[in-house]
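Presented below is the structure to which this report refers.
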Amino acid sequence: MAGTARHDREMAIQSKKKLSTATDPIERLRLQCLARGSAGIKGLGRVFRIMDDNNNRTLDFKEFLKGLNDYAVVMEKEEAEELFQRFDRDGSGTIDFNEFLLTLRPPMSRARKEVIMKAFRKLDKTGDGVITIEDLREVYNAKHHPKYQNGEWTEEQVFRKFLDNFDSPYDKDGLVTPEEFMNYYAGVSASIDTDVYFIIMMTTAWKL
């Protein structure tokens, strides 16, 4: 994705800086994820998804804590408890991790969300609600990538690196859900100040 490597570095530095003063548990977790770059929040989502053995999309506190530890999130148990309780609104002892990830995403304008979903729909050729790696390969324009432009990477390397953003090293299922796509671009979005630049970047990369 054109320009995102630089944005990623800047965002990581800014996030680490903000982390030293942030007190809200949600903000602190969000910053820890963003300090890893655009794919940080999506990566945490993958960890939770792998742990969700029975596919009910919920986690109890023990699983939640294990997920944070597996993702090497630095957080006191008390802070994790406070975070968990905020999402366990009905006091059932479980949280819906989709709702949790939704809150964790950096806020985005409607215009940004619309262009992200427009790109998703274009890529989802079969209309079955998931994008396959093959779908991406057909549409993603690698020639806009700065490392391709300066001769550092081949087109194939750009694809591989880009697809790695969507696929977890522990769970390479080759499928990208709307949530994963949105989580990834919420991270990219956090590093880009203006809607106009974000929309131009999406339109160019996905030929919208």
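Using the three backbone atoms N, Cα and C, a Cβ is placed for every residue, glycine included.
As written in Swiss-Prot, here are the features:
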| type | residues | note |
| --- | --- | --- |
| BINDING | ASP52, ASN54, ASN56, THR58, GLU63 | Ca(2+) 1 binding site |
| BINDING | ASP88, ASP90, SER92, THR94, GLU99 | Ca(2+) 2 binding site |
| DOMAIN | 39-74 | domain 'EF-hand 1' |
| DOMAIN | 75-110 | domain 'EF-hand 2' |
| DOMAIN | 111-146 | domain 'EF-hand 3' |
| DOMAIN | 154-191 | domain 'EF-hand 4' |
Item checked: Candidate with sparsest Cβ neighbourhood (10 Å radius) among ASP52, GLU63, ASP88, ASP90, GLU99, the listed binding-site residues -> ASP90
Item checked: Of ASP52, ASN54, ASN56, THR58, i.e. the binding-site residues, those within 10 Å of THR94 (Ca(2+) 2 binding site) when Cα atoms are compared -> THR58
Checklist line | SER92 (Ca(2+) 2 binding site) and GLU63 (Ca(2+) 1 binding site), distance between Cα atoms, whole Å | finding: 14
Notebook entry, point to check: Counting across all protein chains shown, how many other Cβ atoms sit within 10 Å of the Cβ of THR94 (Ca(2+) 2 binding site)?
Noted result: 18
Notebook entry, point to check: Taking the domain 'EF-hand 2' (75-110) alone, what is its mean pLDDT?
Noted result: 89
Checklist line | Integer Å distance between the CA atoms belonging to SER92 (Ca(2+) 2 binding site) and ASN54 (Ca(2+) 1 binding site) | finding: 17
